[in-house]
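Here's what TrEMBL has on this protein:
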DOMAIN    12-206  domain 'Succinylglutamate desuccinylase/Aspartoacylase catalytic'
BINDING   His22, Glu25, His117  Zn(2+) binding site
BINDING   Arg64, Glu179, Tyr289  N-acetyl-L-aspartate binding site
BINDING   Asn71, Arg72, Tyr165, Gly166, Ala167, Val168, Arg169  substrate binding site
ACT_SITE  Glu179  active site, proton donor/acceptor
DOMAIN    220-301  domain 'AstE/AspA barrel-sandwich hybrid'
Amino acid sequence: MASAGVACLPAIRRIAVFGGTHGNELSGVFLVRHWLKDKSELQRPSLEVQPYLSNPAAVQRCTRYVDCDLNRAFTEENLSMPLSDSMPYEVKRAQEINHLFGPKGNENAYDFIIDLHNTTSNVGNCLIMKTSKDDFTIQMIHYIKNTLIHDNCQVLLLENPAVQYGAVRTVAKHCIGLEIGPQPQGVIRANILENMRKLVNSALDFAHFYNEGKEFPPCTLDVYRAFEKVDYPRDSEGQIIGIIHPQLQDNDWKQLKPGDPSFLTLHGRTIPYNGSSAVYPVFVNEAAYYEKKSAFLLTEKVTLKANSVKVSKT
Ligand SMILES: CC(=O)N[C@@H](CC(=O)O)C(=O)O
Ligand SMILES: [Zn+2]
């Protein structure tokens, strides 16, 4: 019998590692291509680990996507759309991925997806989670953070409906996004690739130790919970008239107080942050977010709690 506060959960058997969800974010593309040729680094006795290139057409073109953003395509509407010639490439891909690794929300879905991304913003090592209510994932992230000796790693919670989207990884029962930066689109940097590699290995180690029966005691996890996106200032035609202020640039995760500089116009005027309380911006000046009308995301710090987790023997 489990003692109070211990979540006895099923084993985690099938894990997919996705790269190239965005074809110009190259750390994940290079790692997954490498692992497709030689899986040995990903192998753990209790796990079946599948590396997977999720948007091969975008990878080939070295663009984020071909018709529409694959990491926004996993909506109920898209996944149930009847197949047709006019269907956007990424919607077709979403249905294939849902078939192979899902179905989303179904018992037969993969246990876990690790989705690999890079950002042009200065987030360092960042793990993205979709819910505050998943003990297994909180415990995994807690473990990963503790295995990093010299490096730091922040956790971004995308749970608020204002900042949620149909991400690819949501087809699995549990998931994390790895977001490592700064790295320009279409560029590969050794330090960023190495950091990503360490995080993937650490996540797999955790799943394996868990499957072997190790109990992870209750823990807390400090995360940044996103609640709003902030657009660039624009003119009546929608053209951007203020760029990220030098004092905000590269200052992801650092406190931004009301009145602090956020944008700079080409006339040299500083536009201050006009919120009502201090926030922690993230994804500051991410290249892919200009089209999404997001200059940065606003987050607040919260502490999550997880029960102890242990694999159930049945
Ligand atoms: C820069 C970038 O692509 N970020 C990812 C974040 C995520 O995986 O949730 C995205 O917007 O899809
Ligand atoms: Zn991405």
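Just so you know, glycine gets a Cβ as well, placed from its N, Cα and C.
Features as recorded by TrEMBL, highlighted on the structure.
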residue	record	DSSP (3 states)
His22	Zn(2+) binding site	coil
Arg64	N-acetyl-L-aspartate binding site	coil
Asn71	substrate binding site	helix
Tyr165	substrate binding site	coil
Glu179	N-acetyl-L-aspartate binding site	strand
Tyr289	N-acetyl-L-aspartate binding site	helix
Site with most surrounding Cβ atoms, counting all protein chains shown within 10 Å, from the binding-site residues Ala167, Val168: Val168
Filtered binding-site residues, from His22, Glu25, Arg72, His117, Val168, whose Cβ is under 6 Å from an atom of ligand 2: His22, Glu25, His117
For Glu25 (Zn(2+) binding site), the one of Asn71, Ala167, Glu179 that lies nearest, given that the binding-site residues are compared by Cα: Glu179
Close-lying binding-site residues around ligand 1 among Arg72, Ala167, Val168, Tyr289, where CB distance stays under 6 Å: Ala167
Secondary structure content of the domain 'AstE/AspA barrel-sandwich hybrid' (220-301), with strand meaning DSSP E or B: 3 helix, 35 strand, 44 coil
C-alpha spacing of His22 (Zn(2+) binding site) relative to Asn71 (substrate binding site), in angstrom: 8
For Glu25 (Zn(2+) binding site), the number of other Cβ atoms found within 10 Å of its own Cβ: 29
Glu179 (N-acetyl-L-aspartate binding site): tally of other CB atoms within 10 A of its CB: 24
Candidates Tyr165, Tyr289: member of the binding-site residues with the richest Cβ shell (10 Å): Tyr289
Pairwise Cα distance for Tyr165 (substrate binding site)/Arg64 (N-acetyl-L-aspartate binding site) [Å, integer]: 16
